[in-house]
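**Q** Shown below is the structure under consideration.
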Ligand code: NDP
Ligand code: MG
């Protein structure tokens, strides 16, 4: 029986993970889970899975849970997430919170030498170097959940790291593929929230439309697999069937393909190195698809990707700035306080003003994050 902690059990990845666990109750057991605002759904999940610990983001939620489940240990907020990350009872910690609030909980899990099923890409973007060092030091293990990184991880199994010549990350191109900058000026929130292939949380859906999501994935891939940015290519593939590819030095290219369902990479991160059965009815049907298309990304219009390569190549604290500026900008856009293209303006300005520094510890990362957040929120 593998014991699992889910950070962000009420989100899009969290509920897909719950589906995976529900379909394999003899293999997986939930020991802890966390939510932020949605304590109603968390209480339904407690009812069904009977965890030992939970963490919740609001005082109202805490009171409601403690009243109904007096036996349960209830933690709160970011401290609560950290507590869940460090639990001795768990073998695997799935990090499926949105944004960089998950960093410290991930660090706690790393320090306990656990397997981290990593969905939260912001963590490695902000603290990649530090986390990699700690993973080595504490003998922890990171198995990617993001579909592209799971595909790269699986494709990399067919060769040694020094034999890799290129990572090719696919991108759906989002809902605005083919548009001009002028078209993007008029984008409304509801247009940006419609993703062609994947049903996801609101923040990542906006990120997919700006290609910031792909940018975060490029930086995440760099830290996960130790490949230089010069050797990472992004290709737009509107059908999202080829999840990503690895080119080896003999020019052999290995790809991973599949249906667009996050339950597949989530389950693989739980079962790796084995592959379990699953009860999905949908299967890849190449004849029905009949064609797969590929094109170059337009980095002049979708600057989210261009800025990521720039931030990644500069390194040090620049990817953190790129991520924090984007998190705040997307939040402001979701609140209707800024226009769509202001997201790029905010990222560009933050990166332009920043003098990169070496990141030595998590406190320093939190401080840089906090001061940039305050600065941007004050302005808008
Ligand atoms: P959602 O917005 O659907 O879910 C986010 C989860 O995090 C919810 O459980 C939410 O709780 C919780 N949460 C939100 N804010 C906080 C906070 N401040 N403190 C603690 N918990 C918080 O996001 P997704 O599931 O779409 O994405 C989660 C992560 O996985 C992201 O990093 C994303 O980039 C990554 N990812 C997602 C994919 C997808 O298909 N969705 C694909 C690949 C990666 P509540 O709902 O209770 O408020
Ligand atoms: Mg992805």
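Using N, Cα and C of the backbone, Cβ positions are placed for all residues, glycine too.
Take a look at what TrEMBL says about it:
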type	residues	note
DOMAIN	4-128	domain '1-deoxy-D-xylulose 5-phosphate reductoisomerase N-terminal'
BINDING	10, 11, 12, 13, 38, 120, 122, 201	NADPH binding site
BINDING	121, 147, 148, 172, 195, 208, 213, 214, 217	1-deoxy-D-xylulose 5-phosphate binding site
DOMAIN	142-225	domain '1-deoxy-D-xylulose 5-phosphate reductoisomerase C-terminal'
BINDING	146, 148, 217	Mn(2+) binding site
DOMAIN	257-374	domain 'DXP reductoisomerase C-terminal'
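Describe the structural context of these features.
**A** Across the domain '1-deoxy-D-xylulose 5-phosphate reductoisomerase N-terminal' (4-128), the prediction's mean pLDDT works out to 97.
The Cβ of residue 11 (NADPH binding site) lies under 8 Å from the Cβ of 96, 97, 98, 201, each of these being in the same chain and 6 or more residues away along the sequence.
Listed in sequence order, 169, 170, 217, 221, 243, 244 are the same-chain residues six or more apart from residue 148 (1-deoxy-D-xylulose 5-phosphate binding site) with CB atoms under 8 A from its CB.
Secondary structure of the domain 'DXP reductoisomerase C-terminal' (257-374), assigned with DSSP and counted as helix (H, G, I), strand (E, B) and coil, comes to 67 helix, 2 strand, 49 coil.
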**Q** Looking at Cβ-Cβ distances, which residues of the chain lie under 8 angstroms from residue 10 (NADPH binding site) while being 6 or more apart from it?
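**A** Result: 35, 36, 38, 41, 42, 45.
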**Q** Using Cα coordinates, what distance in whole Å links residue 12 (NADPH binding site) and residue 121 (1-deoxy-D-xylulose 5-phosphate binding site)?
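**A** With the alpha carbons as reference points, the distance is 14 Å.
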**Q** Which ones in the same chain are close to residue 213 (1-deoxy-D-xylulose 5-phosphate binding site), with CB under 8 Å and 6+ residues apart in sequence?
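**A** Long-range Cβ contacts: 121, 174, 204, 207, 304.
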**Q** So if I take the binding-site residues (10, 11, 13, 121, 146, 195) and measure from each Cβ to the nearest atom of ligand 1, which come out below 6 Å?
**A** 10, 11, 13, 121, 146
